[in-house]
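Q: If you scroll down you'll find the structure; I have some questions about it.
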Amino acid sequence: MGTVCESVATAKSSTAVMSSIPPFLSKTYDMVDDPLTDDVVSWSSGNNSFVVWNVPEFAKQFLPKYFKHNNFSSFVRQLNTYGFRKVDPDRWEFANEGFLRGQKQILKSIVRRKPAQVQPPQQPQVQHSSVGACVEVGKFGLEEEVERLQRDKNVLMQELVRLRQQQQVTEHHLQNVGQKVHVMEQRQQQMMSFLAKAVQSPGFLNQFSQQSNEANQHISESNKKRRLPVEDQMNSGSHGVNGLSRQIVRYQSSMNDATNTMLQQIQQMSNAPSHESLSSNNGSFLLGDVPNSNISDNGSSSNGSPEVTLADVSSIPAGFYPAMKYHEPCETNQVMETNLPFSQGDLLPPTQGAAASGSSSSDLVGCETDNGECLDPIMAVLDGALELEADTLNELLPEVQDSFWEQFIGESPVIGETDELISGSVENELILEQLELQSTLSNVWSKNQQMNHLTEQMGLLTSDALRK
């Protein structure tokens with residue numbers, strides 16, 4: 001009987017204790033102590049505080065179930081009124097000295113605070129000490145949240161500025177790409193229109209292929225290497241007569257065959273045995289050296305032969321006679337200065353002194369007729385009185401294929417290539433020499449009538465001398 005009474009008294013006392021605990025604290029304790037809610041809200045490791053792990057889920061599911069609302073800020077303000085404080089600033093962890101795990105009966109020690117103006121001036125000492133040790137949960141939580149929001153705002157502003165800069169750069173690149181695409185489209189349209197017109201034109205393909213061939217030909221001609229004349233060949237070509245061999249050097253022009261035949265016949269006559277006594281005959285004239293004893297100061301021979309002056313010899317055109325050397329000036333050879341391709345220094349007068357005994361009879365050129373009169377060799381050749389042979393002078397005269405003539409006629413430039421040839425001073429000099437030589441030769445052949453006239457005058461002079 002007594003035991004039953006004690007149990008009833010204990011139940012009454014527990015009921016009285018439970019009735020003295022505020023409903024907010026009781027519901028909060030039951031919610032935290034429930035093991036089914038540990039993933040959202042649970043006790044801390046020290047069992048003297050609780051932690052809200054998932055605030056959105058906590059506000060969505062548990063606040064409506066226990067407190068009939070879903071406002072987490074309102075729940076925090078309720079905790080603040082009962083003296084709870086936020087322990088960790090990085091998470092939602094709240095603590096109170098009377099809120100411990102397994103000690104629900106001490107929740108009655110937690111008293112809800114009233115506003116300061118309403119509170120009596122005197123309060124218990126224990127409550128004062130507990131309030132001084134705690135931190136206002138609502139105030140601390142709001143300030144922390146404001147600071148966090150400000151930090152987030154700054155970060156977002158920086159990110160926004162960066163994104164705007166990237167947007168401007170991207171727009172600039174996009175404009176450039178659009179302009180390039182527009183230009184490419186215009187070029188493509190121009191090309192298509194050009195091709196359409198070209199296909200419609202019947203002579204386009206022929207003209208295009210012709211231009212391509214001309215361009216290739218021009219490139220090949222510009223890359224062609226031209227041979228420069230050898231210095232030794234230039235030196236050998238500059239001398240008209242070799243003093244030792246007395247070989248005759250001449251330029252072979254377009255009338256090469258006729259001139260070669262005439263010179264060979266003259267050489268034949270000079271080598272004939274019938275000309276050994278020409279030194280004493282009348283009307284002989286010189287191509288080489290003759291004895292000085294046969295020639296006087298006035299140009300006549302010692303045995304009364306007719307006068308043959310240097311003017312008569314030098315007036316013969318260079319197109320029919322080879323280059324000869326002389327060392328005395330002549331006053332009547334001005335006509336030859338403008339027509340001969342060689343200088344006056346290429347003529348040679350008769351030698352004097354002891355050279356008479358050493359001179360060969362082959363150096364004299366003359367002829368004898370049946371009546372004893374001396375006939376002019378040139379007139380005889382032109383009149384057909386003498387027969388010429390064309391085998392004597394082949395070794396003495398250079399051929400067209402010789403290197404001396406290749407520098408003049410081997411590679412004659414085309415008129416269209418004049419601009420390409422004038423690329424250096426050496427080439428310019430060679431071209432000018434070739435052009436001058438060609439013009440001189442053309443002038444020589446244009447003076448054929450004058451040469452014939454001079455030849456006739458020489459024949460008349462010879463006849464007059466014989467009459468005297």
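One is the number of the first residue shown, and numbering goes on along the chain from there.
Keep in mind that glycine also has a Cβ here, set from the backbone N, Cα and C atoms.
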Q: State the residue range annotated as motif 'Nuclear export signal' by Swiss-Prot; the candidates are 94-101, 198-205, 454-461.
A: 454-461
Q: For the record in Swiss-Prot, which of the ranges 32-41, 62-71, 242-251, 402-411 is the motif 'AHA' one?
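A: Motif 'AHA', as annotated by Swiss-Prot, spans 402-411.
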Q: Using DSSP, what is the helix/strand/coil residue split across the compositional bias 'Polar residues' (211-220)?
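A: Helix (H, G, I), strand (E, B), coil: 10 helix, 0 strand, 0 coil.
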Q: On the 0 to 100 scale, where does the mean pLDDT of the region 'Hydrophobic repeat HR-A/B' (133-199) fall?
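A: The average pLDDT of the model in the region 'Hydrophobic repeat HR-A/B' (133-199) works out to 87.
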